[in-house]
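Written below as structure tokens is the structure these notes are about.
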Amino acid sequence: MQCHVDNTQAGDGTEAEQDEAPLLAQQPSFHTGLCSARCGLALVLHISLFVAYALRVSLSIAIVAMTNSSHPHGWSGSAPHSSYLAPVYNWSAETQGIVLSSFFYGYSLTQTLGGYCSGLLGGKPVLGSGLLLSSVLTLLMPQAAELGVSFLIGLQALLGLAEGVIFPAQYTLWAKWAPPLERSRLMNIADAGCTFGTFFALLVAGIICQTLGWPFVFYIFGEPKKVWTACAGDVRQERRHWLMFYSFQGSSHGHSLPLVAMAKSLPLWAITIACFCTDWLFYMLLTSMPTFMSNILHFDLRENGLLSSLPYIGNGLGHILAGLLADFLLARRVLGTAAVRKLFSALGMLLPAIFLVAVPYIGCSSTVVVVLLTLALTIISMTGAGININHIDIAPRYAGFLLGITNTFGIVAGIIAPTADLQTGWRNAFFVSAALNLFGLIFYVAFGSGTIQDWAREDTHLHPALSTS
């Protein structure tokens, strides 16, 4: 299949946009309030991602109390005390780093597989299975640590494998559930669960370690495995109603995929490159910000821990606000889909790059530096209404699989960026990240699209996917 590349800017009246415009204008008004099934699904997925990210970061907090050596990122609290005598292990900082990074090796392997399976089996069973397995594996962490560090590394990799399917699965769900004029806010409300879950874990895990002992971090965080299924509910009727209306989005994909057409698609490459560049900056800041505050700004550990956690709140709130504003612009026809995606991508990529370039010239004003870095991590959330959901605009049938591809590139950036940047020095690290973001933005603005690509269309007049997967 030959790939049709659509480089059209939003709002210029292409045939594809003209075909979809009447449907967008007639978006049904049924169940549009907070009690609608779609809003319920956004809440369910928010909780799911909240739990998933709390499970993900639980070890990074507990490992401080698990070891009698220095944690690689420092510790902002006092030594843990409890009536429960938790074991303490003699692991070096290098060993701790291997244990923590092993998650991402597993996480990167199931991104595309999770998207592919979600397209075949449905997003709900894949997401639910991934979350349930993640909870079970988290409960086993204390036993794995007792058996030896090799078992803990293996279990962490398995946890990464389990959580790797969650994001692609939720994109498959949104491809069938989120109407175009509600897509931004619904998906960003769900995605905000990631940063809120991380913030909650950072806030609570240390207290649990100090009062109950570190094993209880895993026992408590691993328990909410029933949250997802308990909140799911029966939403079959509303989904059947709107799927018939939005039949142009097509059904889930079959066993075969148009891989050649995908590889030739400039709009898909635009998303992939922009995601790689954005994740480079995002992960560099998240992993390196505590070290920068300690070594360069000379904050003590308690101040460091508090200030390093602030961007999580800003990022979560930024996701929600960006989604609401993007849908407002689309609903009022101020801008077309492609223009909205590029606008929010530009805000979320260009402004953080400017802040990073400014940091080396601030001098000794630590307050201003902290404000700029916090704003950079907060405003980058604007890409949640841009490149991060553009997969569903250009190929809703393959949204989960495409998200798996772009997420894999982003994970690679997250693995490389902190090490590569810190080897070049802080000033060069900020400049390189800013330059990459600028390059990714230019490429995305030039080749991004807001319309369904020809290789993602389905020749059918009736939507066959009326199951609740």
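Think of each number as a place in line: the chain as shown, counted from 1.
Note that Cβ sites are derived from N, Cα and C of the backbone, with glycine treated the same way.
If you look up TrEMBL, you'll see 41-452 marked as domain 'Major facilitator superfamily (MFS) profile'.
If you look up TrEMBL, you'll see 43-66 (among others) marked as transmembrane segment.
According to TrEMBL, the transmembrane segment annotation covers 151-174 (among others).
Look at TrEMBL and you will find 195-221 (among others) tagged as transmembrane segment.
The annotation transmembrane segment is assigned in TrEMBL to 268-292 (among others).
According to TrEMBL, the transmembrane segment annotation covers 312-331 (among others).
Remote same-chain residues near the transmembrane segment (343-362) are listed as 274, 277-278, 281, 322, 326, 329, 335, 368-369, 372-373, 375-377, 379-387, 426-427, 430-431, 433-435, 437-438, 440-441, 444-445, 448 (criterion: CB distance under 8 Å, separation of at least six residues from the stretch ends). Annotation comment: TrEMBL describes 343-362 (among others) as transmembrane segment.
Annotated transmembrane segment per TrEMBL: 368-387 (among others), in sequence order.
Residues or ranges marked as transmembrane segment in TrEMBL: 399-417 (among others). Panel annotation: around the transmembrane segment (399-417), residues 101, 104, 107-108, 111-116, 118-119, 123, 167-169, 171-172, 174-175, 253, 257, 262, 268, 271-272, 275-284, 287, 391-392, 433 of the same chain, lying at least six beyond its termini, place a Cβ under 8 Å from a Cβ of the stretch.
Residues 5, 7, 266-267, 269-271, 273-278, 280-281, 284-285, 288, 342, 345-346, 349-350, 352-354, 356-357, 359-360, 387, 417, 421-422 of the same chain sit 6 or more residues outside the transmembrane segment (429-447) yet have a Cβ under 8 Å from a Cβ within it. Per TrEMBL, transmembrane segment is recorded for 429-447 (among others).
Long-range Cβ contacts of the transmembrane segment (368-387) within its own chain (Cβ-Cβ under 8 Å, at least 6 residues beyond either end) map to 184, 187-188, 191, 195, 271, 274-275, 278, 281-282, 285-286, 289, 292-293, 297, 307, 310-311, 314-319, 322-323, 325-326, 340-349, 351-352, 355-356, 358-359, 362, 444, 448. When Cβ-Cβ distances below 8 Å are used as the criterion, the transmembrane segment (43-66) is approached by residues 73, 75, 77, 79-80, 86-89, 91, 96, 99-100, 103, 127, 130-131, 134-135, 138, 141, 145, 156, 159, 163, 166, 170, 173, 189-198, 200-202, 205-206, 209-210, 213-214, 217-218, 221-222, 224, 227-228, 231-233 of the same chain, each at least six residues removed from its ends.
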